[in-house]
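Asks: Could you have a look at this structure, given as structure tokens, before my questions?
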Amino acid sequence: MADGLHRVHYNPSTAQLVEFALLRGEGELTANGALVAKTGARSGRSPGDRFIVKEPSSEADIEWGPVNQAFEPGAFEGLWARVEAYLADKELFVSDLEVGADTEHYQPVRVTTQYAWHQLFARNLFIIPEEFNRKDKPVWQIINAPDFVCDPARDGTNSDAAVILNFAERKVLLAGLKYAGEMKKSMFSVQNFLLPAQGVLPMHCSANVGKDGDTTLFFGLSGTGKTTLSADPKRFLIGDDEHGWAPGGVFNIEGGCYAKCIDLSQKNEPVIWDAIRFGTVLENVVMDEHRVPNYKDSSLTENTRAAYPLEHIAQRKEDKCGAEPHAVVFLTCDVSGVLPPVSILTKEQAAYHFLSGYTAKVGSTEIGSTSAIQSTFSTCFGAPFFPRPAGVYAELLMKRIESFGSQVYLVNTGWTGGPHGVGKRFDIPTTRAIVDAIVSGELKDVETIHLDTLNLAVPVAVTGVDSNLLNPINTWGDKALYAEYAQKLAEAFTKNFAKYQVSDAIRHAGPKA
């Protein structure tokens, strides 16, 4: 469709976007029909280049700091205008989409991209509504101009690229970045700011539902198992990464999945494997000479990705919504090999571990990270995406758990028998067996043992799991060394938690240093 002096393609179809991407040299087709695109040096998020405009309507509610860096309103206006001028004579792709599957809590967003494959990504990951903006809400705007080069001296940025959120003007600007994940995480941050004011808990989690309508949530950082474990052939997928929990139910914030591809196999992850086909975007995946994706190849990045719409998954919840969850799973990847494979948490322990967000960066999604696996504390299991103070989200979680009676579990998808490099990682079948026991209700009111240093209750038996694995000390050859590592981990928890202003009941729910 012609628009002024240049071409603007409104609400283009998947086939059109794939065709444009190929014609414009943006990507290549794989043997399985997916489109491969490369992002260059920035093959992950750029947290050092993410800003929020500091303006009166939101200033008091944002936790400013290294995660939420402030940007001046005047500088934003100038940069937005420069990017618009830069795009004025370019071929562009535009879609009217929504973020949030709930009819009350959605946000309408117009996405404008310079690249066809970025538009395909947006249409895969956001929601394509039957009727756009049926409640006539003010519309958000995303502009994504990957070939625009920021000038820190002129633009007030930290580098040649920037991601800037403006809550007052409902604008998201992405400039100088090809990594498509920045688009989805920007709108996630927007909803993470807006939803608490509506009494809704936004969550960095996946969700699925059983045949009887029982919902399970899986919280966790990238690479800890959210996508893999929620893609369960026995259950229906609601979503793999971002959800809202309102009184009465949960809803997907997105319309698609952004699955990690490194070491992907048909045997271990059949649902994801089958979803990668025509219309899917593969980011930084290497192909062989026959165009067959090599999912073991991390030469471009550990953070290889597949972006596909939920419609690529046969067993999905059509409306992207579910009942309130009976089971909530916190996925932690423990590199010290100390935590048990599953623990049953009280509501105070749930708040403690939600605020702590102890886990590891596995094949990190951030640029500049090596393939080395490092332990980290990431508040709410997603610190980079939550603009408000952590206590706001923890209070909402406690409220929802209490009002519905959800049971929370801590599941370690990391190491046992020793730290990373010495012990071995729990295999996917073991973790799946634990999750099966959780969703079936098997672990409610079971006999447990108490691990004193970690202050955790561990079931003595889980169907399909070697009972020797359940108490982690059993898997260590050197029991004294295990006790030493457990004490070190408890001290790390205590030190990290000191910054939170919480009740004694929550503070005492953590490990005992």
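Numbers run from 1 along the shown chain.
Cβ atoms here come from the backbone N, Cα and C positions, even for glycine.
The model shown is predicted, which means the values in this text are computed figures rather than measured ones.
Got these off Swiss-Prot a minute ago, pasting:
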type: BINDING; residues: R45, Y179, K185, R305; note: substrate binding site
type: BINDING; residues: K185, H204, D241; note: Mn(2+) binding site
type: BINDING; residues: K185, H204, G220, L221, S222, G223, T224, G225, K226, T227, T228, E269, R305, T431; note: ATP binding site
Asks: Give me the Cα-Cα distance between R45 (substrate binding site) and G220 (ATP binding site), rounded to a whole Å.
Replies: 17
Asks: With an 8 Å cut-off on Cβ-Cβ distance and a minimum sequence separation of at least 6, pull the same-chain contacts of H204 (Mn(2+) binding site), or say none.
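Replies: Expected: F188, F219, G220, L221, D241, E242, C380, F381, G382, F385.
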Asks: Taking only the Cα atoms, work out how far R305 (substrate binding site) lies from S222 (ATP binding site), in Å, as a whole number.
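Replies: Counting only the Cα atoms, the answer is 11 Å.
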Asks: Taking only same-chain residues 6+ apart in sequence, whose CB is under 8 Å from that of T224 (ATP binding site), what do you get?
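Replies: Same-chain residues close to T224 (ATP binding site) (Cβ under 8 Å, separated by 6 or more) are L331, T332, C333, T359, A360, V362, T413.
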Asks: Take the mean position of the Cβ atoms of K185, H204, D241, the recorded Mn(2+) site. Which other residues of that chain put their Cβ within 8 Å of it?
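Replies: Filtered neighbour residues, in order: K184, F188, E242, G382, F385.
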Asks: Looking only at C-alpha atoms, tell me how far K226 (ATP binding site) is from Y179 (substrate binding site), rounded to the nearest Å.
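Replies: The separation of the Cα atoms works out to 21 Å.
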Asks: Return only the integer: C-alpha distance in Å from S222 (ATP binding site) to K185 (substrate binding site).
Replies: 12
Asks: Whole-number Å only: compute the distance from the Cα of Y179 (substrate binding site) to the Cα of T228 (ATP binding site).
Replies: 22
